[in-house]
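Data first, discussion second: the structure below is written as structure tokens.
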Amino acid sequence: MVEAGGARRHRMTLESGDHTLTLFAYRTGPFRTILFYALTVLTLGIFRLILHWKQKWDVKMRMVPCTFEAAEYIYIIDNHNVSELQPVLRKSNATIPTENGEMRKVPELRWFVYRKLEYVWIDDLNSDESVDEISDNDNCWKTSFEIANRIPCRSLLAVSESNFGLTLSEISRRLEFYGRNEIVVQLRPILYLLVMEVITPFYVFQIFSVTVWYNDEYAYYASLIVILSLGSIVMDVYQIRTQEIRLRSMVHSTESVEVIREGTEMTIGSDQLVPGDILLIPPHGCLMQCDSVLMNGTVIVNESVLTGESVPITKVALTDETNDSVFNIEKNSKNVLFCGTQVLQTRFYRGKKVKAIVLRTAYSTLKGQLVRSIMYPKPVDFRFTKDLFKFILFLACISGCGFIYTIIVMIMRGNTLRRIIVRSLDIITITVPPALPAAMSVGIINAQLRLKKKEIFCISPSTINTCGAINVVCFDKTGTLTEDGLDFHVVRPVMSAVNQEIQKVKLEKSNRTEFMGEMTELTSRNGLPFDGDLVKAIATCHSLTRINGVLHGDPLDLILFQKTGWTMEEGIEGDIEEETQRFDNVQPSIIKPTDDKSAEYSVIRQFTFSSSLQRMSVIVFDPREDRPDNMMLYSKGSPEMILSLCDPNTVPEDYLLQVNSYAQHGFRLIAVARRPLDLNFNKASKVKRDAVECDLEMLGLIVMENRVKPVTLGVINQLNRANIRTVMVTGDNLLTGLSVARECGIIRPSKRAFLVEHVPGELDEYGRTKIFVKQSVSSSDEVIEDDASVSISMCSSTWKGSSEGDGFSPTNTEVETPNPVTADSLGHLIASSYHLAISGPTFAVIVHEYPELVDQLCSVCDVFARMAPDQKQSLVEQLQQIDYTVAMCGDGANDCAALKAAHAGISLSDAEASIAAPFTSKVPDIRCVPTVISEGRAALVTSFGIFKYMAGYSLTQFVTVMHLYWISNILTDGQFMYIDMFLITMFALLFGNTPAFYRLAHTPPPTRLLSIASMTSVVGQLIIIGVVQFIVFFSTSQQPWFTPYQPPVDDEVEDKRSMQGTALFCVSMFQYIILALVYSKGPPFRGNLWSNKPMCALTIFATLLCLFIVIWPTELVLKTLGNVELPSLTFRIFIVIVGAVNAAVSYGFETLFVDFFLLGYWERYKKKRSIEAIIDYVPTTNSDHIRRPSINGVTSSRTESTLLSAEGQQLHMTTSKNGKGGENPHSSALFERLISRIGGEPTWLTNPIPPHSLSEPEEPEKLERTY
């Protein structure tokens, strides 16, 4: 999408895949360029370094805005606010593709490269056109493969039929434009990586610090910091290099391929492939090196590398039924062979090879998109990181105050200029600890090692801290909450008037269609004849294939086929061989029953399963039939879809009742139907799918059991007890999802669930689809009183044929026709907890037609069913927008997009697609989720603790130095070394050794470093430490044996030893140990202190050593540390007592005031006030909505969404779903107000929101003022 004005404007918005890019055009100016280089030289490169850190300043400083026609650089900002500056490249007399894929010449080609994709400028604007006539497609940047986005299917078919391929000149032009077909991860030079690492702000500050220390003759610690920093830089570069090498080895692949060029088959390297090439697929498989469309035959591929689904998939050829349409990779995915997928087998024409036409190459392929998502991951948006820099800024402000104080005091004391400069700069290095980055990583590294021991692998360590803030977990159902496979339960055949005579079964009423009883076997011994249509449909309607003698395919198909006991062969046999060869059809599969050796059925045509169509079909031929044009279509799919395709006269009246009954008990249902076809082989191979998948005859239901994994219930209850919201996001039936949700604890059986549904085609007066709220019957057998005006059970209505026989009409023999649910009538149904469930189609309706309610529904819905992969991703992003920290757990099949979008994606698949998720568990169940969260909480608390410890250490040393600067003194090098190298370094290294607590706490840890509690803790400890040091500093000067410090005169060698310095050093030693113990938090997020045995040992040893240094210092100790002996033993004991009092006061302040009062009472009080404000805020009238501004139909105010999110989180924290939580008096009030906006008459039905009030955008300036 392009803003009006196209090339004549400076700014442009571009939709590129899943990202929205904002582009700005710039060019260099001579004056700005001269000024830039002058300032860089005058500041010795510091100015250039600052611009490197702030690229936006760099652009503003060096360049001037211009039109896109004159642009030399493009400044790009993505939807995560990550920016890049890329040069515009130009080439004269070049060729580019047109929309239909043909190449044409242009006077000049302009492009830039962004994240491995080339964006080409398309300029079709005539000079006489006005600005208003510029369309989105006339002038814009497009990727090289987005240009040819309207290739007609007939063009592809024509290329395939011609069998000529590209000419050498065409290949040369396309290779020049598209480039080589290689996914190459360039290894950046080691020197470049080293330089980039060194010039980061922290390391630049370290360079500044060690420079100051060397000038101050503090060489030992400076050298230690240099060594540690160099080691850290080398390790970081090594890890980056290792990841690049690993990624390159994983994705880089080239091999020889066969193509048709200029009518000749030839073998070339895969890196020479270009779009438009005719590719020959070998019969015994290969690794696809590009995205291509299959033109003939069928191909069996394994797409686990991209989707995580290890089940082989059958790809079919593009047919002429799409002749008039434009080819679309997403819609025609069943015809596309994706790069990186493994071709297992091809079924080819006799004497011919399977052909495919190359569509996309290199990074534009689906595999290339996955690689780019790994190379350029979504930045972790976590407040802790932002607060970290703000806190460092706070420390920098303190150091600024100390800087001014030092200059003033030292000028007053008459110090030399060099000493004033060195001491004032030294105070900055003391206040902002250079070792902070290394210390901060300790907790994350330890958590990562502990996760690895539990077979949970993390490729993004920075995500571990984010896991500590997780408050909602989304689970896929199949393979995640439930077992990966399905077990056969029963079949329910349909006995209709049409097939009674065939089955030789006499019913009481021959004109009725009804279900037979449950049958657990698919054999004649169980009442089903071996050649009954239901058995034949089950045996033939599947996508199984035989590879090396072994059946492969969807596990569900495999289970059902094996249940029939039939056999399958692939090849042409019998009388149909000649007919098949005549019409050049693909070799059919031969299905044979075991009970009759003479019978066999040939699968002539297969319509593969489509998630959008929710069904698959096959055309079957029986060679025993007299007529070769007597074929049968068998279809199977979701009960709803097959019902919509069936002749109503063949469907039992209680069909929906039976379907809902099974679904509510957690069974997965598959409906089966048939249709006789009067087609020959030629027509069967060419017929369109829509022409035959209609007017079907219902055959029955297959009932499959999807068992919940043994650990699922315990894990969900564990999360519920921890007040972590659990959400099911599944592609399965809504009622099946509800049943499994109840069984695994996401919805408690004793609680009522409400279904949010829509009725297609039923519109309100403003043309929007009506939404209804219905109460669901519990999966248990508890009886719920039906109130027709309050709740409509989904299984209470039945389908009855109309008297005219013209189809179904919904009627209800038990309750009234469904009516909207009002808030008043629902009031008595709402207890302390409630659950909402919604299906994907209804969710899509609400997103498009009622966008103002999306946030509220996402805050309270617990089951999202029939969700497509893109809807799963959309849901995760929606939860993130309303301030949830989201984890997504899936088995990799159709969950990749959601796993990538979540704050913490946890994959249960060991497929290569799992590299898109930060966490991968080798144990394929959800027990890893609480482990990841608990380790994340422990790491987060450790990061908080170690940061406050390092800040406390810096401020403690700052206070000590401020006292000594007053007398123109400073700590000796030995004292600094003992503090920095022994006490601080050792405690920082062992701080993160404390393991996570064995169970999840009911409340999450604090996530705001700049919260009142955190700031009060640091400032409070600073005050306590400052007071204690002042007492010791002042008391030392009052002793009768005290000798004042004599500062050096002019350039005299400075003797840093002093009694007051020794006294402050002695008491500060205990303070550093006290800070480590105070900030080393234990339960409920980390283990007890004694669980960290190394730190316990260090604490004991350091305390004893400090006592020895203070009370019984030897001559060696005095000389090494630079201490002055304090003559009085009583005073030395006094220092120890003061340290003990300091410990008691610090621990009491942290425990009683910070933890108990601020984090306990005060936080609960604020939450209570916020909930009361939310209840008063939620609007219940139509006018509330109309007043709220919107942009393109989406509410522009996020205030209500954020408040409702906080309320939704608080409801889950206050009321446990295990039934043991306390009553939440606000749950009913919020729910009633929400219901009044969903199905209540006050909002949607009697006074709905006018659509124009939601879709008319306001000017940005007005919106800003509204906010």
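Every residue gets a Cβ built from N, Cα and C, even glycine.
Relative to the membrane, Swiss-Prot puts GLU15 on the same side as GLU1125. On the 0 to 100 pLDDT scale, the topological domain 'Extracellular' (1-32) averages 74 in this prediction. Most Cβ neighbours within 10 Å among the recorded positions ASP476, ASP891, ASP895: this distinction goes to ASP895. Taking the C-alpha positions, the distance from ASP891 (Mg(2+) binding site) to ASP476 (active site, 4-aspartylphosphate intermediate) comes to 7 Å. The transmembrane segment (1014-1034) and the transmembrane segment (1098-1118) are not in contact, since fewer than 3 Cβ pairs between them lie under 8 Å (pairs 6 or more apart in sequence). The distance from the Cα of ASP476 (active site, 4-aspartylphosphate intermediate) to the Cα of ASP895 (Mg(2+) binding site) comes to 8 Å. Remark: secondary structure over the topological domain 'Extracellular' (1035-1058) totals 3 helix, 0 strand, 21 coil, with classes taken from DSSP. Beyond its flanks by at least six residues, the transmembrane segment (425-445) meets 202, 205-206, 208-210, 212-213, 216, 225, 228-229, 232, 388, 392, 395-396, 398-399, 402-403, 406, 461-462, 464-465, 938-940, 942-943, 946-947, 950-951, 953-955, 957-958, 961-962, 965, 970, 984-985, 988-989, 991-992 of its own chain at Cβ-Cβ distances under 8 Å. For the topological domain 'Extracellular' (412-424), the DSSP counts in helix, strand and coil order read 9 helix, 0 strand, 4 coil. Remote same-chain residues near the topological domain 'Extracellular' (972-976) are listed as 217-218, 220-221, 1056-1057, 1061, 1065, 1120-1123 (criterion: CB distance under 8 Å, separation of at least six residues from the stretch ends). Long-range Cβ contacts of the topological domain 'Extracellular' (211-217) within its own chain (Cβ-Cβ under 8 Å, at least 6 residues beyond either end) map to 225, 422-423, 425-426, 428-429, 973. Between the transmembrane segment (1133-1153) and the transmembrane segment (33-53), fewer than three CB pairs separated by 6 or more residues in sequence fall under 8 Å, so the two stretches do not touch. Among residues of the same chain six or more beyond the topological domain 'Cytoplasmic' (998-1013), those with a C-beta under 8 A of the stretch's C-beta atoms are 383-384, 387-388, 390-391, 468-471, 718-719, 721-724, 885, 930, 933-934, 937, 940-941, 944, 947, 1083-1085, 1087, 1154, 1158-1159, 1162-1163, 1213.
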